Amino acid sequence: MAVWIQAQQLQGDALHQMQALYGQHFPIEVRHYLSQWIESQAWDSIDLDNPQENIKATQLLEGLVQELQKKAEHQVGEDGFLLKIKLGHYATQLQNTYDRCPMELVRCIRHILYNEQRLVREANNGTSPAGSLADAMSQKHLQINQTFEELRPVTQDTENELKKLQQTQEYFIIQYQESLRIQAQFAQLAQLNPQERLSRETALQQKQVTLEAWLQREAQTLQQYRVELAEKHQKTLQLLRKQQTIILDDELIQWKRRQQLAGNGGPPEGSLDVLQSWCEKLAEIIWQNRQQIRRAEHLCQQLPIPGPVEEMLAEVNATITDIISALVTSTFIIEKQPPQVLKTQTKFAATVRLLVGGKLNVHMNPPQVKATIISEQRAKSLLKNESTRNDCSGEILNNCCVMEYHQATGTLSAHFRNMSLKRIKRSDRRGAESVTEEKFTILFESQFSVGGNELVFQVKTLSLPVVVIVHGSQDNNATATVLWDNAFAEPGRVPFAVPDKVLWPQLCEALNMKFKAEVQSNRGLTKENLVFLAQKLFNSSSSHLEDYSGMSVSWSQFNRENLPGRNYTFWQWFDGVMEVLKKHLKPHWNDGAILGFVNKQQAHDLLINKPDGTFLLRFSDSEIGGITIAWKFDSQERMFWNLMPFTTRDFSIRSLADRLGDLNYLIYVFPDRPKDEVYSKYYTPVPCEPATAKAVDGYVKPQIKQVVPEFVSASSDSAGGNATYMDQAPSPAVCPQAHYSIYPQNPDPVLDNDGDFDLDDTMDVARRVEELLGRPMDSQWIPHAQS
């Protein structure tokens, strides 16, 4: 029988556990409508630790989305209309969530299927053997759920004991009242005659002695019941505190760490639904125990009996108040972080959420949340509970928001949608620290009333550190500060301390994560790429990655000190590489057509045994965000040629594929792939109209063509003398032609004696020509101008 069919038959807590597996990360409706397809896929065959399996994971994601879309299309009728919209929405949601990290979808569904199978097995035979899909996370989640299973009967047991104590005490009070009535009867005996008084007095004395003895024994019994109940509550609170520590200090902190790494491009932090279900169970059990303790205290006040129980109850009451206080304050979290590079006068958003809002009825009196930006120093003072002035470091517009309770999802949250940092007040900088190294944080504050104003909590939570910029040119260095902080922040740190030095392998992991996210590619940094980066950073010639494994990288090396002989830092160079790949070269990087991380000498070594016309693309050492072509062409002058680097500006005018297509003497993409086979699908289609075709205004439209003057004869031959092309080279010179005489000729060659360009000596005239092409052109620029 299909697992889903059996899962739908679960009852009680098993059903709740199954429902808690689903949420925004994977809606239960998707599981229901695609149950057969989901269970027929080989989720378990994918190795989550093998990056090469990403292709399989992507295929499964695409298949899931396609199945959802097909299911949506087949919905008809009035009832089917809403379902069609909902399933279509889920298809888009899953695509957006897992497109960059399909492995997380596999991990998610494996976790769901494993737990469904476990719950079904437990329901069928009461056993829970470890299945093939069991992992450390599942085992820990199982342990948490088992602890809840222990807490429920324990809490019910103390409830029963409390009722027993209450009944016993009520009967004791009745008997105590009887004792008082007997004493009153003694006072009335004086009115009787001696014989009758003696008879009645003897009977009353005997009754009083018996009752006093019973009351004395029963008082001891009551005291014993009270002590036993208090001891049971002490044990329950120990178990509750341990469970709360696991959930808040382990699971929630891990979620926050995943959220922090997601800021560096790591996988999404995942849904809060499971965490919320645990926190709500905690809140429910804690509140039940607190009410029991309060009732026990009331019983003691109602009938005081000397002994240790008052002190014990006061202690457990204080303990459970501390526990519930920690739960409420710790579960006030930032679900959606504000941007960590925050530009003034720019709209930004954030979302805060209280994971126990529904269970503790906080939403009955919706609280308001206020956001302020504070300095690192004030953040330190807040965490130390030091009294500080309400001193903010700037002004945020639209910084107040009322929390809303969403009945369907059971979430209590506040969505700040239109905040804007109007101004910022900076602190005095330390030493060489720049403004882009100064960290701030957004402080979210509120006040929650729990249990009908029985308890009132002042709650605060801090965002991840933010770096404030006033101009886009600061974004690069601000991102470096955020990357370093997110990657290397240690648990429980003082805000916002990070190590000044880290091991090179740690930085490699952070760079690779950021690279894949920024370039939006599954092709990350290889071992060879990391060796190249290490050589650049450490100014070393070693080609063995192991030689760098014990070396440390300081923050100054990363983004404060310039690389040797350059006017930029290591990070600025690396960020430039990501920028040009992301904006213009992503498909070529994904195709493996860009080698990228090699220096000039390495490029020559790779090309030396290749046929003429073999070329490779490498990132420029001399220009940030530049990429250059190195190729082999054995001539009388030299064997290796290096073209002046192209940048984002160049590719916004003419694409890399078209530029390579123009250079017919570039034949093979290293190592031996035909150029057209690799790049032809990216060429801009050539219009079918003849060259003499006229535009609406009567002019022939010019076209840009990539030319290297040293190879101009080859280019001219291949162009077939087509006069509608304007030759363009990424160089200080333009190929001489009479009707392009608006600029003076530059006699210097395009390539220097080493086959390289000197970027600082001359002006790139061709780029100015390209700029002019976007403006109204003088008739002298138009070949065959029409009158």
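Just so it is clear, glycine is given a Cβ too, placed from its N, Cα and C backbone atoms.
The phosphotyrosine annotation in Swiss-Prot covers Tyr90 (among others). Under the three-state DSSP scheme, Tyr90 (phosphotyrosine) falls in the helix class.
According to Swiss-Prot, the phosphoserine annotation covers Ser128, on the basis of similarity to another entry.
For 589-686, the entry in Swiss-Prot reads domain 'SH2'.
Tyr682 (phosphotyrosine): 16 other CB atoms within 10 A of its CB, across all protein chains. The feature phosphotyrosine is assigned by Swiss-Prot to Tyr682 (among others).
What Swiss-Prot records for Tyr699 (among others) is phosphotyrosine, and it gives similarity to another entry as the kind of evidence. A coil conformation is recorded for Tyr699 (phosphotyrosine) in the three-state DSSP classification, outside any helix or strand.
Each residue in the domain 'SH2' (589-686) gets a DSSP state, and the totals come to 29 helix, 21 strand, 48 coil. Tyr682 (phosphotyrosine) is 32 Å away from Tyr90 (phosphotyrosine) when you measure Cα to Cα. A separation of roughly 28 Å, to the nearest angstrom, links the Cα atoms of Tyr699 (phosphotyrosine) and Tyr682 (phosphotyrosine). Mean pLDDT, taken over the domain 'SH2' (589-686), works out to 91 on the 0 to 100 scale.
A simple Cβ count within 10 Å picks out one of the modified residues Tyr90, Tyr699 as the most packed, and that one is Tyr90.
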